[in-house]
Amino acid sequence: MQHAHVIGLGKSGCAAALLLRQQGWQVELSDRNAVAAPPELVSQGVQFRLGESLDPVAWGWQTPEQRPNCIVVSPGVPWDLPGLRQAAEELQIETLGELELAWRTLSDIPWVAVTGTNGKTTTTALIAAIFERAGLQAPACGNIGFAACEVARQQQQGEAKPLDWVIAEASSYQIEAAATLAATIGLWTTFTPDHLNRHYTLENYFTIKASLLDRAQQQVLNGDDPYLRNQANATSRWPLAFWTSTQGAEALPTSRDRGFWIEEGWVIDRGDRLFPVERFSMVGNHNQQNLLMAVAAARLAGIEAEAIAEAMANFPGIAHRLERVATWQGIELINDSKATNYDAAWVGLQAVPGPTILIAGGEAKQGDDQAWLDLIQAKARAVLLIGSAAPLFARRLAEVGYSSPVENAETLDRAVPRAVELAQSLDASHVLLSPACASFDQYPNFEARGDHFRRCAQAIAKG
């Protein structure tokens, strides 16, 4: 029996372990932070090393009979961990990510794979909604929805209807560990500096993202993204790629016969009018960019315009991305917890109409904050800060001359009611959580942060 070692007890790691057991592997799972083994994995015969970091020497892997045939790595596990590098480089143990394992299981099914610094979650959800409206079995998975290995496990076990497509959101963490994933359609939404604590340089980050499109049969890129359009040499790297633009055909970096654009209020597919953009239920230019990317994927997959238009008109949006969670005395409270960097937070604040009380902060990331700070000066009546980034953000706001109130609320429990008070006194129409930060100083993930904000907001709305 072949032996696999899975690192990480999160959603992806558990799904990988169950898929491997279903395929007949002996599976051991480790997690240095976990203390309890999930009963559903124990019942399937998965073995555990909890509270331990990978250590090939201490675990006896130098003896060939003791070492695993492969290591499956969850997305949150850095690839430069000393023990992992030793296992992969010195002991020559095959090392792959959970998404790669799912691909190897489902490679006979066409995939749409979506990556990008920002916009990929909404675009992935839009694509899945369109495919569903068209009557296709095409679940969203990867960095959204199910873990990809859970989709693969259900398909292999016959627990779900046969798949027509797989719609995968792929983060840079997942792509770097998915060396053979070759999507039928690969999409790249945006590119700005992010995750540099993991990838170290912008060039490394770009190379990882680009590899997904290198292996895809067809590529779709956002022509409104300055980096992809002007600095990435993308038109020469992928000369047959399709491009999108909300600014009309003239703004495309390619010919019209490889373009999707908006013109005179219509969504255009390579010169053919599909439907009025006003049928799309979500607001904001960035969401029109996401819309065009999703339309391109759907049309390349052969889906008719009417199914696309119906899906667009009924799309509710996604949790934690400009999610309207409550209204109190005319003040809208909006959860944008997924805005984990400056660019995403700029997009969120820009999309909210009217004067706003902004809640920001968390675990700060590297990046250029100037455009975000400029927009705060223009739109925010006050800023409430939370988390470890609060002193940094307060200093930066002072440095750019922001003269409206800035308060360190420390936590959302304090920030949300105070934001509502300030909205009343300063005549602001919206309270927006758009942190521009990771969540890990106070929460396990951005979803938990957004859920907490939603509870706080709804408690106020209920009085």
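Cβ coordinates are placed from backbone N, Cα and C, and glycine is handled just like the others.
Listed in Swiss-Prot:
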type: BINDING; residues: Gly116, Thr117, Asn118, Gly119, Lys120, Thr121, Thr122; note: ATP binding site
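Neighbour list (Asn118 (ATP binding site), Cβ cut-off 8 Å, at least 6 residues apart, same chain): Thr189, Thr190, Thr192, His286, Asn341, Asp343, Ala344, Val347.
By neighbour count, meaning other C-beta atoms within 10 Å, the densest spot among the binding-site residues Thr117, Thr121, Thr122 is Thr122. Counting neighbouring Cβ atoms within 10 Å of each of the binding-site residues (Gly116, Gly119), the lowest count belongs to Gly119. DSSP assigns Thr121 (ATP binding site) to a helical segment in the three-state reduction. The ATP site, placed at the center of the C-beta atoms of Gly116, Thr117, Asn118, Gly119, Lys120, Thr121, Thr122, has further neighbours from the same chain whose C-beta lies within 8 angstroms: Val114, Thr123, Thr189, Thr190, Asn290, Ala344. If you take the C-beta of Lys120 (ATP binding site) and look for same-chain residues 6 or more apart in sequence within under 8 angstroms, you find Val114, Asn143, Glu169, Ala170, Ser171, Leu187, Thr189. In the three-state DSSP classification, Gly116 (ATP binding site) falls within coil.
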